[in-house]
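One structure is given here, and the rest of the page talks about it.
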């Protein structure tokens with residue numbers, strides 16, 4: 001794993017650790033080698049690029065000790081210095097110093113030099129015979145960041161893959177590999193890695209943006225069946241998700257923001273008649289808030305429009321467990337039962353709607369029609385001829401999604 005002198009320089013996660021002012025997380029496609037192609041917002045950049053895959057192993061941003069022992073300013077700022085002799089996990093002092101030097105060089109934008117330091121640290125790790133997969137994972141991930149900055153996507157992918165073999169579901173190597181795949185227009189693999197990132201941390205907005213962008217590209221490339229051509233998206237264990245969670249309050253707030261955004265996207269898709277896309281958004285919402293009644297009724301509407309009546313009924317059942325008097329859930333379950341030709345159950349739900357609100361005209365109209373269908377079905381003792389599909393309509397603003 002450590003024999004990586006294929007290139008004369010190294011990749012980076014230590015650099016990313018100290019890279020609060022750099023921007024190697026751009027989500028624009030990179031066909032060349034310009035590091036300017038990897039930029040995102042400050043918030044996303046700091047979340048994704050800073051810190052190690054192991055808590056507490058980040059080199060302290062305090063004093064850049066020169067060989068003389070004096071603190072050296074970072075980027076010309078005398079207040080912001082890095083201690084090059086700061087400990088790094090289980091790495092021996094010489095390797096820790098190499099990593100810290102790589103971090104400092106990365107922060108200064110000297111990516112080729114940083115890459116060399118990380119490569120030396122990786123080789124030194126192999127020669128030393130120590131056993132610390134987390135530290136080696138960070139070194140590979142750091143070096144990958146340098147490759148990504150230099151536009152060397154193929155080597156970035158290789159180092160990220162090595163990092164992930166050492167520490168599965170490590171967030172930064174996954175995100176860097178996704179970006180490298182995207183720059184090579186390997187969109188299916190990029191999509192899988194971005195979706196895996198979001199399983200680990202739903203608040204990574206850069207991954208949300210990339211998924212939306214790549215989804216459009218895959219639809220253009222592969223057509224309506226694009227999902228069937230994707231590699232399998234791995235299931236991230238709960239332990240890996242929890243390991244990446246930040247302070248509970250911050251995480252909750254970010255989850256709320258993501259939930260609201262996903263719900264709005266779903267509502268927008270419904271307005272456009274894109275029910276399959278809306279269904280996906282509502283499903284993502286339920287991963288964040290599995291007890292949100294309105295999302296179940298919204299998704300039930302999508303299932304109705306797609307004539308997936310059994311699933312629509314299940315969502316309405318779930319909504320009614322949460323809110324036993326939810327009028328919308330009763331009405332949409334009635335429509336699902338109508339689609340399933342269970343006219344008795346449909347009639348019962350419609351009567352419940354009208355009992356709650358006698359002014360719901362479409363419920364009254366549906367009850368009248370379903371009553372006729374029920375009488376007809378009861379009158380037919382023998383199997384009836386196939387009936388025409390039953391139209392499912394919803395016209396009143398009373399039942400529009402929320």
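A Cβ is built for glycine as well, from the same backbone N, Cα and C atoms used for every other residue.
TrEMBL annotations: computationally assigned, not manually curated.
As written in TrEMBL, here are the features:
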type     : residues : note
COMPBIAS : 34-48    : compositional bias 'Basic and acidic residues'
COMPBIAS : 49-70    : compositional bias 'Polar residues'
REGION   : 1-81     : region 'Disordered'
REPEAT   : 259-292  : repeat 'TPR'
REPEAT   : 293-326  : repeat 'TPR'
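Using DSSP to sort the residues of the repeat 'TPR' (293-326) gives these counts of helix, strand and coil: 27 helix, 0 strand, 7 coil. In terms of DSSP secondary structure, the repeat 'TPR' (259-292) contains 27 helix, 0 strand, 7 coil. Per-residue confidence over the repeat 'TPR' (293-326) averages 95 (mean pLDDT, predicted model).
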